[in-house]
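**Q** For reference, the structure I am asking about is given below.
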Amino acid sequence: MKSSAELRKIFLDYFRHQSHEIVPSGPLVPANDPTLLFTNAGMVQFKEVFLGREVRAYHRAASAQRCVRAGGKHNDLENVGYTARHHTFFEMLGNFSFGDYFKREAIGYAWELLTEVLKLPPERLWVTVFKEDDEAANIWLQEIGVSPERFSRCGAEDNFWSMGETGPCGPCSEIFYDHGPEIEGGPPGSPEQEGDRYTEIWNLVFMQYDRGKEGRLSPLPRPSVDTGMGLERLAAVMQGVHDNYNIDLFRNLIAAITALSGIQNQEQTSLRVIADHIRSCVFLIVDGIQPSNEGRGYVLRRIIRRAIRHGHKLGLRDPFFYRLVEPLVQEMGEAYPELFRLQSQVERVLKLEEERFNETLEQGLKILEQDIIDLSDAVIPGETIFRLYDTFGFPVDLTADIARERKLTLDMKGFEQAMAKQRKRARAASRFKIEYGSELQMDLETEFTGYEQLRGEGQIAALFRLAETMETVEQLSAGESGMVVLDRTPFYAEAGGQVGDRGTLRGSNGLFNVTDTHKQGAAHVHLGEVRLGQLRVGDSIQSEVDRKYRTPTRLNHSATHLLHAALREVLGEGVIQKGSLVASDRLRFDFSHLEAVQSGQLRQIEHLVNAKIRANLPVETQIMPLQQALDAGVMALFGEKYGEQVRVLRMGDFSMELCGGTHVDRTGDIGLFKIINEMGVAAGIRRIEAVTGEAALSWVEEGEVCLEALMGRLKASRNSAVDKLEQLQQQTRQQEKELQRLKAKLATTGGADLSIQAQEIRGIKVLAARIDGVDSKTLRATVDQLKGKLITAAVVLGTVVEDKVVLIAGVTNNATSRIKAGDLVNFVAEQVGGRGGGRPDMAQAGGRNPDKLDAALDLVPKWVEGQLTSGAQ
């Protein structure tokens, strides 16, 4: 019996021998594709190649691609655990042809691998083709020799694939495995096809058409092939099991969960859910996703919390999910070495998320259980779903999971209405910023010369005027704002976090002031205003970058690379860049880290960066193939799209990253690096802001001026200033304590005097009074003192603090059956525009109308008498 790891290797080795380039799995975060939450198929990393927008050095490829289907259009989350073949994470084995081989070879490869290499019996395989694809049908029936009795033609719904409403598309051919007549279900294309007897294991897509806007299909000049075979499904077939959760990959994970829970029934849904979810969660975190409340991070949080809830069902009340990382690493680490490297980081993320959710899970489940008991029908109300989501962090699919187990449904319309109300409450006025060139389409290319020089000659290739919209023009005149596209330029276009250059474009008839530079496709777009004369398309231009703006930007960009490397050295390899801003006045770097960076760590990071600056390391760039760079250990950012050839930036042996930005020649050019701020920007994301060069020197000098002023005020030296300040703080704290003691003593004395004002009503001494000049703490102490003195009493005291009413009510324990402190304090609070609450014996409230306090307190005896009278009846 072959293991999943062996099957993965057999597949890739087979296609390597068929002259395919073996391409490593792309990240789970698709590069530059906002239409996808996650990579969900093997072809995703080749999408630009299939669309003809990217050219690679090879024309045939194969890969084992990590995929996630959870959230968005492709969402298997709700079915995971309940079926034999649904997963949030899976591996897609695929071979691809980019205008090289087509149907005959693709079909031949698939059949040979399945029947001759893997030795699957042909009589257990079933083949389908698109009903109109006679070419594929003839290859299968006439050349391969598939039996007509194990072959069917199907409609477009099952056997015609499209990338979208328009673009590349074509028929597909699917290969199914027959598990035998003892399993219910009929062959593909039959009325009984929904059964489990026949399992699709390989899909061969033949991209041979281009669908136009009108729906017309035109033949592609170079047809391509995209195939996909789920490793888990193949393993189930090869290991003789009908259920994916019985393959080796899952058996070992389920055994680990069983060991933690003590549950021996390995068919339990919860075991399967947890085993599936640990795979997707670990790989998402490895690929740089952190749990959060939006986008991909929220999908990860939903998966984690669903797993935790199923652990709760198994009796696992303490954090357990993170303990499954190690068995997963042992299972898949050989194929994906990054699992070993980032294991501790992943464990920390999962443990922290689990601890956070455990705080509210129990409480939320109790509320849901009570609401289910109170149901008048089989529908959980939308308000309940929203309350669990908003207050207790229950993703909707977690509530749906529980409903499914109880044979209940969800009022999703009511939930959406509650969500809409919340969004309306939270909606703030916003302005839409016009993005220059955001909707422009241009087929232009600019040669960038700015690595070597800040001046250059070029020719105007296109002009755009900014009116209500951006419009193409032949001429721009003085006072007009717009964009200039040159055939070559030294101006750096904003990318990789580095801001675009500023400067001037000077022609024989005009001067253009550049305020920013952006990239539109392959063109550099200069934004700004004509200051003198006019510019025309075709004019020769003298370009000059603002040196005072570019130079500090270069310093900051190089310092950002040093900072990134220093963070990974000090905090660990779990640090992953999440964003950056490289401007002329500062740099900003966002990175994954679960907690605030300690002050000692910040000093260590800063010292390390400055040590590398003093070392004056050479800053070198080299153009090389992407895979060569990755093999050399170059850091690449998840979610970034790179071409086949990349620019590698090296700073000695300390830092090596892919980068297209502008940099110093040696690290010593940076001069000085100073961290000025560290803060959190989202769950698991920290931000460091820093300055370099002259800006760093100015920051230090400003600090010196402040320190000297402080020393003067304290009448202390540099070395004694901190001690002197601590002494003053200690004195202040002691004086504040003494002040509070005196206030309490004064209030207690006043309380003794107040006790004589109490009037007895039906056996309870009632006192309502105002005490000025005290805080809530003193007021509470006075109420306690009066309760002790009056024996059987109801007391409410009020004061005014910063124009707000503070009320404290107290009722002795022997009277709480007749009157409640919460009711008493709320009665007074309503008179002064507020409300409050608390225990039957002690409650607190506030109010907005201090001028009504005295009148409100005067009403207390009558209110108490009414309460006692009604209670007696």
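Cβ from N, Cα, C; glycine included.
Features from Swiss-Prot:
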BINDING   H557, H561, C659, H663  Zn(2+) binding site
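Tell me what's around each of these sites.
**A** In this structure, H557 (Zn(2+) binding site) is part of a helix by DSSP. Its Cβ taken as reference, H557 (Zn(2+) binding site) is surrounded by 26 other Cβ atoms within 10 Å in the chains shown.
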**Q** If you count Cβ atoms within 10 Å of the Cβ of H561 (Zn(2+) binding site), leaving out that atom itself, what do you get?
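**A** If we count other Cβ atoms within 10 Å of H561 (Zn(2+) binding site), we arrive at 27.
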**Q** Given a separation of at least six residues and a C-beta threshold under 8 Å, show me what packs close to C659 (Zn(2+) binding site) in the same chain.
**A** G496, H557, H561, R647, V648, L649
**Q** Helix, strand or coil by DSSP: which one applies to C659 (Zn(2+) binding site)?
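**A** Assignment for C659 (Zn(2+) binding site) reads coil.
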**Q** Compute the centroid of the Cβ atoms of H557, H561, C659, H663, then list the same-chain residues not in that set whose Cβ lies within 8 Å of it, in sequence order, for the Zn(2+) site.
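**A** Sorted by sequence, the hits are Q498, S558, T560, V582, V619, L649, E657, G661, T662.
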**Q** If you count Cβ atoms within 10 Å of the Cβ of H663 (Zn(2+) binding site), leaving out that atom itself, what do you get?
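**A** There are 25 of them.
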